[in-house]
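Taking it in order: structure first as structure tokens, then the write-up.
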């Protein structure tokens, strides 16, 4: 569709010229009317709209993340990339990739219609939740208090001279009351919390609109706390499988990246809730520099530090044989399997997809009639201006 008397893309609009549903607080211009074709949406990535920066700040990081992600596969002694040892890492990769792609595409394609706009952001919320479970799988198998004790070929690195009885005793003292949670409830809890987050965030698009940014930000604090349990434990307790100096070095490195990870998450939350800098000068940051762009930048920096932390733990398991205690020492951490990694993510994604389908159906019944009427009014106004 060529609007505005033959221009390739429709002209950008001010907040008063578009449906109130698509306006953002303190953003006064740079809006696209929600009647773009797919081709126009794709072209708009190269047009300075108020969504252009939102797209690029999560699309370009895909390539940066992929570059650093492949680091563990080149380590000396690393198993093949298809080895079960790397199943959790691949699930983490898929979680991050889906998050970044869904976020960038949601900002690029949301101007096709009011209904598609809703669906885009439902998918966005779903991928954020799936990412938290992908992180949990990586934490469970690489940062778990007994990470490295795997029923896998990784056992070939086992050159430790630890006495089995002392290892077992150390293990009992290292994981008292947390043992049941880590072994039985950790992954199911992460999945349950992820589903709750999708339900809550999708609901903010149909109710609780006044406090939607606060709710969405705080809702994702819960999966962070649940997923990070192994990290909190590791930081508070030295590993029973490492000499004191090695344990301190491993924990110090993890603590550095985890603190940076938390720092960027806190900064991103502040941008998302405060709407600074556009709150201080409405209209000045409509295209570049508004809070959602900084929110994207900070969330990616937090993911990047999380990746460095996970890679560091994978490197420690692969390169430090003292991490692996004798296989006969009970109890052991079962190694990753297709069912415990890809299977978990598949079931979770199916659950999230069903939630998204339900909310999308509700959005279609609410916004499609409104969208059709708004487009007729908009087209009639544009026709009068052209003549």
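The backbone N, Cα and C atoms fix where each Cβ goes, and this holds for glycine too.
Note: TrEMBL annotation is automatic and uncurated.
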Of the residue ranges 154-177, 178-201, which one carries the transmembrane segment annotation in TrEMBL?
178-201
In TrEMBL, which of the ranges 121-142, 253-274 has the transmembrane segment annotation?
121-142
Looking at the ranges 19-35, 36-52, 53-69, which is given as transmembrane segment in TrEMBL?
53-69
So around the Zn(2+) site, 107, 292, 296 aside, which residues have their CB within 8 A of the centroid of those CB atoms?
51, 53, 54, 55, 57, 58, 103, 293, 295
Taking only same-chain residues 6+ apart in sequence, whose CB is under 8 Å from that of residue 296 (Zn(2+) binding site), what do you get?
54, 57, 58, 103
Is the number of Cβ-Cβ pairs under 8 Å between the transmembrane segment (342-361) and the transmembrane segment (53-69) three or more, considering only pairs separated by 6 or more positions?
no
Per-residue Cβ crowding (10 Å cut-off), top of binding-site residues 107, 292:
107
Mind checking which residues of the chain, 6+ beyond the ends of the transmembrane segment (53-69), have their Cβ under 8 Å from one of its Cβ atoms?
45, 89, 93, 96-97, 100-101, 103-104, 107-108, 287-290, 292-293, 296-297, 300, 303-304, 307-308, 311
